[in-house]
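Worksheet: the structure to be examined is printed underneath.
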Amino acid sequence: MSSYLFTSESVSEGHPDKIADQISDAVLDEILKQDPKARVACETYVKTGMALVGGEITTSAWVDIENLTRKVICDIGYEHSEMGFDGHSCAVLNAIGKQSADINQGVDRENPLDQGAGDQGIMFGYATNETDVLMPAAITYAHRLMEKQAEVRKSGKLAWLRPDAKSQVTLKYEDNKIVGVDAVVLSTQHSEEVSQKDLHEGVMEEIIKPVLPTEWLSKETKFFINPTGRFVIGGPMGDCGLTGRKIIVDTYGGAARHGGGAFSGKDPSKVDRSAAYAARYVAKNIVAAGLADRCEIQLSYAIGVADPTSIMVETFGTGKVANELLVSLVREFFDLRPYGLIKMLDLIQPIYRETAAYGHFGREQFPWEKVDHAEDLRIAAGLK
């Protein structure tokens, strides 16, 4: 019997890098509401007392960058100086330019179907049947811990919580099946006055226990709650934050490969984002169809070229049919050209700020989580 441990981490919406992601995606959403053809690459940097929003944007839309940035920061919970960051009073700097005309000529086409990829690159998508949302379990539960932290903070149930937090979940596997939680790490920013006893008890009873399956917990499970003992200074006062610095948190928690391209602040013409969503969509439909227990898709593109330069399917020995057949089915049922996948997944809509915390995958409200091709794939593969 083979046994091993696997760990994934998540961070809260108040983590500095996630503040930056949410600002960048909020800018993207506001632009897409006004200009569906906009080209957006928005980057954000946050540090004590300031937020810098920059990048390359070509659009007919007008967005009040300053007020939008302040709103995002305040919505997260940084509303007064005792938090170490205040959306009402921080400086907001704007350093936005236009997209290069050299890129435009390679992307835009008279026939939209011929739209070229906005850049070269490789993208991966992944799915596994170890959770109901067809995502790896460690990252799924790490995200849920962070969502619960935000819920009890914002509701006032644990009023001493502050926005910055991190989680980490280590699962124990035997013969590739989860048999329990080996360790949980949860570090959360808090107010000055809360005692360590109250903090430990509150986090355990209101965050950890309601989220993790009771059958996975045992007397051997290790819990590390604020292991340094104090976490008052947090958010951008503790660390600077940058868009695109949490690409593993955003995807599969290290359970699958990553092409290296970040998502937030990029419009769907950027295949770093849209093709990674499409790859997840393809992998999830293959697993939902019962064609594999685990599936990883790799796509690659050349700048200015519509068709993917490669498609790879890997099922890690769990496939019910040959990988070569799966590749041909992917080509048959999924249009993976940039314009095709944008239409297939209805990506020109203001949905991106919501993706920028708690993971881009495994959340059913997003169109790339549909399994509407699962039955077609199953029939075409000849499975009963």
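Cβ atoms here come from the backbone N, Cα and C positions, even for glycine.
Annotated ATP binding site per Swiss-Prot: His15, Asp164, Ala165, Lys166, Arg230, Phe231, Asp239, Arg245, Lys246, Ala262, Lys266, in sequence order. Long-range Cβ contacts of Arg230 (ATP binding site) within its own chain (separation 6+, distance under 8 Å) are none.
Per Swiss-Prot, the feature Mg(2+) binding site maps to Asp17; the stated evidence is sequence analysis. Annotation for Asp17 (Mg(2+) binding site): spatial neighbours Val11, Gly241, Leu242, Thr243, Arg245, Lys246, criterion Cβ-Cβ under 8 Å with sequence separation of six or more.
With a 10 A radius on its CB, Glu43 (K(+) binding site) counts 22 other CB atoms from all the protein chains. For Glu43, the entry in Swiss-Prot reads K(+) binding site, with the evidence type sequence analysis.
Lys270 (L-methionine binding site) carries neither a helix nor a strand DSSP state and counts as coil. Taken from Swiss-Prot, the feature L-methionine binding site applies to Glu56, Gln99, Asp239, Lys270.
For the region 'Flexible loop' (99-109), the model's pLDDT averages out at 57. Look at Swiss-Prot and you will find 99-109 tagged as region 'Flexible loop'.
Residue density at Glu56 (L-methionine binding site): 15 other Cβ atoms are found within 10 A of its Cβ, drawing on all protein chains shown. Following the DSSP three-state reduction, the secondary structure of Asp239 (ATP binding site) is coil. A sphere of 10 angstroms centred on the C-beta of Lys266 (ATP binding site) encloses 27 other C-beta atoms. In sequence order, Val11, Ser12, Gly14, His15, Met146, Gln149, Leu186, Ser187, Thr188, Gln189 make up the list of same-chain residues 6 or more apart from Ala165 (ATP binding site) whose Cβ falls under 8 Å from its Cβ. Taking a C-beta cut-off of under 8 Å and a sequence gap of six or more, Asp239 (ATP binding site) has these contacts in its own chain: Pro16. With all protein chains in the displayed structure included, the most crowded Cβ environment within 10 Å among the binding-site residues His15, Lys246, Lys270 is that of His15.
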